[in-house]
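Trainee: Handing you this structure, nothing more for now.
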Amino acid sequence: RENFINLCNPHLEKMKEDILYHFALGTGTHDFPTLFGDVKFVCVGGSPSRMKAFIAYIAEELGLGGPGCDYPNICAGTDRYAMYKVGPVLSVSHGMGIPSISIMLHELIKLLYHAKCSDITIIRIGTSGGIGLEPGSVVITRQSVDATFKPQLEQVVLGKTVIRSTNLDEQLAKELMQCSKEIGQFNTVIGNTMCTLDFYEGQGRLDGAICLYDEEEKLQYLKNAYESGVRNIEMESSVFAAMCNLSGVKAAVVCVTLLNRLEGDQISSPHDVLVEYQQRPQKLVGYFIKKSLGKV
């Protein structure tokens, strides 16, 4: 049976029109089933330019485009997010941090629902700080944990704290891991990902504008994280996992590590090395999409 989006909001059925304000799209002005009904894979990442690069990459991999092809921004009417589509693949930017990706996901999930999409897989591709891993390693997230290493998202709704699960699809993670083995180009692990509310103090850095702890305390915290199963740190995975769970969507997080946080705080690798690192998640996810479509 086809797996449709589970929309956890009965109020939307009563609305004559649903305006996806931050996408500059709406059910009264756009034919969602025609525009997006064939989507099966959604890839999201922080940077608009990175998501445009991904759609160009996957278009060429699927034989749906080539060098020099232009992929217009579907959300050109706004500067909040960028969205690109080729064949069954949608590529969307989400900005930085939980609030930004949360807004995007609310509207993305509604878009997929209004388009009557089914059997959707959503994958976040991005960068992260590694713990105990060589820079350039790719982490497929088992579960997202908070800064106290609990696999949950705390959200205040109507003044009350709501706890939501942040587990990710176990089978999908295994399939992605198998794809990495078949590619055989870079180290990949499955591990927990710590999602923080801040890049500096929240991740135990010593180089922010404010730091009221010492290096020994920082290292002990990161070692505790490693012992709990955490292999990387980023800022979006918890709400991503929670919202995909509630919507019944298969989801995964695939991030490359730009440094080993046990050895430092600042990213010092040369630009060309970082560019190659950032291509690793898209290579892995691109291979997964090709394999899923029987094109490998």
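Just so it is clear, glycine is given a Cβ too, placed from its N, Cα and C backbone atoms.
Automatic, uncurated: that is what TrEMBL annotation is.
Look at TrEMBL and you will find 40-289 tagged as domain 'Nucleoside phosphorylase'. Under the heading phosphate binding site, TrEMBL lists Arg80, Arg124, Ile125, Gly126, Thr127. The feature substrate binding site is assigned by TrEMBL to Gln203, Arg205.
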Trainee: Measuring Cα to Cα, how far is Ile125 (phosphate binding site) from Arg205 (substrate binding site) in Å?
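Mentor: Spelling it out, the Cα of Ile125 (phosphate binding site) and the Cα of Arg205 (substrate binding site) are 23 Å apart.
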Trainee: Count the other Cβ atoms sitting within 10 Å of the Cβ of Gln203 (substrate binding site), across every protein chain shown.
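Mentor: Its Cβ shell of radius 10 Å holds 23 other Cβ atoms.
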Trainee: Using the alpha carbons only, what distance in Å do you get between Arg124 (phosphate binding site) and Gln203 (substrate binding site) once rounded?
Mentor: 20
Trainee: With an 8 Å cut-off on Cβ-Cβ distance and a minimum sequence separation of at least 6, pull the same-chain contacts of Arg80 (phosphate binding site), or say none.
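Mentor: Same-chain residues close to Arg80 (phosphate binding site) (Cβ under 8 Å, separated by 6 or more) are His22, Phe23, Gly95, Ile103.
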Trainee: Find, for the listed binding-site residues Arg124, Arg205, the residue with the lowest Cβ contact count at a 10 Å cut-off, counting only other Cβ atoms.
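Mentor: Each of the binding-site residues Arg124, Arg205 was scored by Cβ atoms within 10 Å; lowest is Arg205.
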Trainee: With phosphate as the bound species and Arg80, Arg124, Ile125, Gly126, Thr127 as its recorded binding residues, calculate the greatest Cα-Cα distance and give it in Å as a whole number.
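Mentor: Site span for phosphate, by Cα atoms: 20 Å.
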